[in-house]
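Some notes on the structure that comes next.
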Amino acid sequence: MQTRNAFSCIKEGITRSISISIMIYIIIRAPISNAYPIFAQQGYENPREATGRIVCANCHLANKPVDIEVPQAVLPDTVFEAVVRIPYDMQVKQVLANGKKGALNVGAVLILPEGFELAPPDRISPEIKEKIGNLSFQNYRPTKKNILVVGPVPGQKYKEITFPILSPDPTTKRDVHFLKYPIYVGGNRGRGQIYLDGSKSNNNVYNATAAGMVKKIIRKEKGGYEITIVDALDGREVIDIIPPGPELLVSEGESIKLDQPLTSNPNVGGFGQGDAEIVLQDPLRVQGLLFFFASIILAQIFLVLKKKQFEKVQLSEMNF
C-alpha cells in the first residue's frame, strides 16, 4: 500500500513538472515568434506617421522595393485579394542574433481604408486559401481592424503574401461611402538595424567612438570583439564593443578617425513602402451603366434595321 502511494506521488510530481515546463515554454516562446508585429505595435499607436512614412523604416534603415496589387474596383461585402510582393536575392544570407548566417525572413503591414478588414475564414474561397498557405494575420490594434500585420515568416516561401480582404457595405456602415480609397503597404526583408529602445542590433555598422590608434583587439569567446583605442588628444583608452556578426575592418596598431567604420555593413535586407487605389463600386451604378450600354446597342440595332427598311422602300419605289 505504501509502495502504491509513493508511486502515485512520483507520477503526480512528474505530471506537474511536465505541465509547468510546457506552460513556461509557451509563455517564453510566444513573444519571440511574434517579434516583428510586437515591435511596431508596442511603440506606435499608428504605423503610418502624419508625413506618410511607415514606422517600420525607423528600425529597417535600408531602402528596398515593395509592390502591392489590388483590384481596380470591388463591390460591397465582397472578398478580394491584396497581393504584396517583397523581392530580394534568394542567395543572400543575413546575420542572425547569435552572429551566424541564416535565411532572410519577411514581414508586412497593410493599411486599409476604414471599414475594410480581414475576411472571415468562412468567406475565403479554396483558391485564396491555397495562396495564403499557413500565414497568420493579426490586427495592429483590436480597434483597428483595417490595419493588418504579418511576419516574420520565411522569405523563401512567402516572397509573395496574399491578404484576404472583405470590403464594407455602405448600406450597413453609414461612415463608409462609394468612393476611391488609398491603400498603403510596408514590407521588410531581413532583420532591422535599430531596436525599439534606439540601441543597435548586430546587423549594423559599428564606428569608432574616438580618434587615435588601435592598441588592442580581443576576440571574445562567444564571438565579437573588444577594441581598445588610445585617444589621440588625451591618451585615454576607449573601449568599443563589437557584437558577433559584423566583420572587423581594422587591426592593431592602425590609426583611425572618429566615426570611422570598424566593421563591414552586414545588412542585406531593408524596408520599402508603397500604395495603391481601390474603388468601392455602387452596384446600382454598375447596373445603370450596363443598362445604358444595352440601350445604346439596342438603339444602334434599331437604327440599322430602320435604315434597311427605308432602303427597301426606296428600292421598291424606283422599281415601280
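A Cβ is built for glycine as well, from the same backbone N, Cα and C atoms used for every other residue.
Since the structure is predicted, the reported quantities are computational estimates derived from the model, not experimental observations.
Per Swiss-Prot, the features are as follows:
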BINDING   Tyr36, Cys56, Cys59, His60  heme binding site
SIGNAL    1-35  signal peptide
TRANSMEM  286-305  transmembrane segment
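DSSP assigns Cys56 (heme binding site) to a helix in the three-state reduction.
Residue density at Cys56 (heme binding site): 23 other Cβ atoms are found within 10 A of its Cβ, drawing on all protein chains shown. A 10 Å cutoff on Cβ-Cβ distances gives Cys59 (heme binding site) a total of 20 other Cβ atoms nearby, all chains included. The Cβ neighbour count for His60 (heme binding site), using a 10 Å radius and every protein chain shown, is 25.
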